[in-house]
C-alpha cells in the first residue's frame, strides 16, 4: 500500500515565515518551429506566455514546472500590480517559505497552448485567415501541452525539472511528463487527479459544452467575428463546473438553506431566493466576462480525452514502468469529481511498477477546490516532500 | 434504529404471477371552489387529470394515492393504446400481483397542479387574460398539491387512504400528507426522498433553471405567446438533472469511456464522441419536446422550498409527532441526490416521535433513478409491506 509521508504530521506550517514572490511580470516566448499535434495537425508557430518565480541555479537543476487546470493560467503567484485585488491562483502554495519554496526553486508557470491568457489559442489570430482561430483551432491533448512545455524548457536551458507539479488537469500533465520525457522529470506531484475521467465526469463536461454551443450567440464558435459572446451559455457551464468542484457538505456549511430574499411565511408571494442561487449566478457571470468559450470547450475535451494508459494496453502499471521519477500524490476526502479512489488507482499502479510514491489523503470539506485552498495538513505534507527535493538538490550540487 | 422488514428477504418476486393493468384512460375533474395557495394567491378554479387502476371497495378503504416526482404525471401504469411504446412510468410497481397490487388496491395517480400533462398549470389558459398562464401561474408548494389531492379524494369519496406513496418529490408529498391530514392517511411510503434539499441540490436546480431562463427563446416565460420554445435551455436543464439522477458507477457500467465515433489513434482529427455524450444529448432533446419549461421551473422551485419541519421549529420529531400513520422508507445505496442519509434522518425522526417505521436501504448502482427501475430486493420489501396493508384492510372489513 502507498504510505503517507511520515514527516507530514509533525510539520507545523507557520504564516510568519512565509512570504509573497511580490510583483511579477509575464514573459512571452515565440516558437517558430512547427509543432506536430496528437490530432495530426501542425501548428506552424505559436507563443507561450509564462511567469517565473525564484532564481535558476547555475547548473539549472532547481526548476519546477507548474501545470494549470481547466480555467487556470500562467499567473500562479504574486501580483502584477500593487493594487491587484488577488494574487496568482496558487499563491498560497508558491513563494518564499511556502511548499513550493521560491528560496529553493526556480518556478515556471505556463499558460497552456489553446488557453485564453496570452498563449496561442482560439482567440489568437490564425495567420492563414487573418481572423481569430475560434473553433478552427486544433483539438489538443494533454501530451501536446507537455511537448510545448518541453520546448519552453529547452529555451530556458532546463534539461530536467526538479519537479513537475499540477492539480486536476494539471496533474494529468505532470503524469504525462513522467512518461513522455522520463529523463527530464525528477519528481512528479499529482494532486486531485485521475488516470482518466469517468463517464459521469465526461457527462458534466458535455453538459457544460452543450450549454455553450446551444447559446445562439455561440455562432458555431465564430462569435468574435460576429461581435458576439455566448455569455449565458458560458455562465451556465461555469455554474455546472462550480457545483461539481465543491462538496455537498462544503456547500451546506457555507450556504445551507439561507435565504437571500423573500420569506417562507405563508401567504407571501415575494420572490424567494436562496443564498446559493445568487452566489452561483454571480460565479457564472463573472467567469463569462473573463474566459473564452472556445477555450473552455477545448480544455474540457482535453480532459475527457486524457487516458494515461490507453496506449499501454490500458494497463497503468505498464504505463508507469516507463517513468523514472518519484511521485507525491494528494487527494481530498470530499472531492467527488476526482475522488481519493482515483488517486489510489494511480498509487497502486505506481507501486506495482516499482516507482517510489508517497500518498496522502487530506481531510477537507472543500471538494475538488481544496487543491487551491489553505489546509494545514495539505501544506505540511506538500512542504515536507518539496523540502526533501530541495535537500537532495543541494546534496547533488555539493 | 429503524429495522428493515424481516419478511423482505424471503420474498421472491416472480414475473409469471404479475400482470399489467392493461388499457387505461385518464379522467378529468374540474374544481370550481377556489383554492387558497401557500403563497397567498387564490386559484379560482382548476382541473386535475388522473388515472385509477383496480376497484374501490364498498367501504372505500382500499384507495392508494400515487404522488409523482419532478417530471412525472398521472399516467403511472398500463397503456393508453395497444401500440404505446411504453407503459406508465411506474408500471413495474403497479398492477395485478405487483407491489402496489391492483387486485387489492384502488390506485389513484394524479397529475399535479402546475403540471403540463392536463392538470391546470402554466400551459393552461388563464381565464382572466385569455392567454396561457405562463410565468404568471402561482408559485406552488408541496402542501398545495396535498390540498388539491385531498379535494380529489373528497370527490372520489375516499375518507382515508390505505397508503399515500411517492418517490423523490412524491415522497415529500406523502410526508406532507401525513401532517396535513393525519386522519386521512393509514400508511405512508416514502422512497428516495428527504426532509429538505441540501444546498447542492438547490444549486443543481438553480443551474437548470438558469439554463432555461437564459435561453433567448424563453421570452421571460411568455414563449407560448411568442410562438417560441426554449428547447435548448430545457435540454441542458434535463441533462444536468439526468446526470444527477444516475450514479457515477451506474454511468460507468453503462457507458464507461466507449466511443460513439472517432478514434484516439494518433494523427487522426476526426470528431471524437463518447457514447455518454450522445446519450445525454438525446435525453435532453427528447425531454425538451414533451415538457413545459415553466412547469420545470415551478416543480424545481417547489422541491427547493420544501422543508417538512420548518414550521415545527425546524424539529422533524415535533413535525412527525402530528402523524398518525405507519411509514415505509426506502433508499438506494448509490443515490447521491437523495442519499440514504436523508432517509435515515426521516427514520430517526419518526422513531423519536414514536411512529412505526420500516426502513430498507436497497443495494443499487442506478442512483436516484433506482426508484423507478426493477430491483428484486426493492420489489420484495415494497411488496411485503403492501401485503400487510392489504391483509389488515381485509381484517378490518371482516
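Numbering starts at 1 and runs along the chain as it is shown here.
A Cβ is built for glycine as well, from the same backbone N, Cα and C atoms used for every other residue.
No curator has checked TrEMBL annotations; they are predicted automatically.
Under the heading domain 'AB hydrolase-1', TrEMBL lists B:62-372.
Annotation note: residue B:369 (substrate binding site) sits in a helical segment as assigned by DSSP. Here the Cβ of residue B:369 (substrate binding site) has 21 other Cβ atoms within 10 Å, regardless of which shown protein chain they belong to. According to TrEMBL, the feature substrate binding site maps to B:238, B:369.
Long-range Cβ neighbours of residue B:335 (active site) (same chain, at least 6 residues apart, Cβ-Cβ under 8 Å): B:192, B:247, B:364, B:367, B:368, B:370. Taken from TrEMBL, the feature active site covers B:335 (among others).
Note on residue B:337 (site 'Important for acyl-CoA specificity'): other Cβ atoms within 10 Å of its Cβ, all shown chains, come to 23. Annotation note: residue B:337 (site 'Important for acyl-CoA specificity') sits in a coil segment as assigned by DSSP. Annotation source TrEMBL lists site 'Important for acyl-CoA specificity' at B:337.
In the shown protein chains, 25 other C-beta atoms lie within 10 A of the C-beta of residue B:368 (active site). As annotated by TrEMBL, active site applies to B:368 (among others).
Taking the C-alpha positions, the distance from residue B:369 (substrate binding site) to residue B:337 (site 'Important for acyl-CoA specificity') comes to 10 Å. A sphere of 10 angstroms centred on the C-beta of residue B:238 (substrate binding site) encloses 24 other C-beta atoms. Annotated pair residue B:337 (site 'Important for acyl-CoA specificity') and residue B:238 (substrate binding site), C-alpha to C-alpha distance, rounded: 15 Å.
In the predicted model, the domain 'AB hydrolase-1' (B:62-372) has a mean pLDDT of 96.
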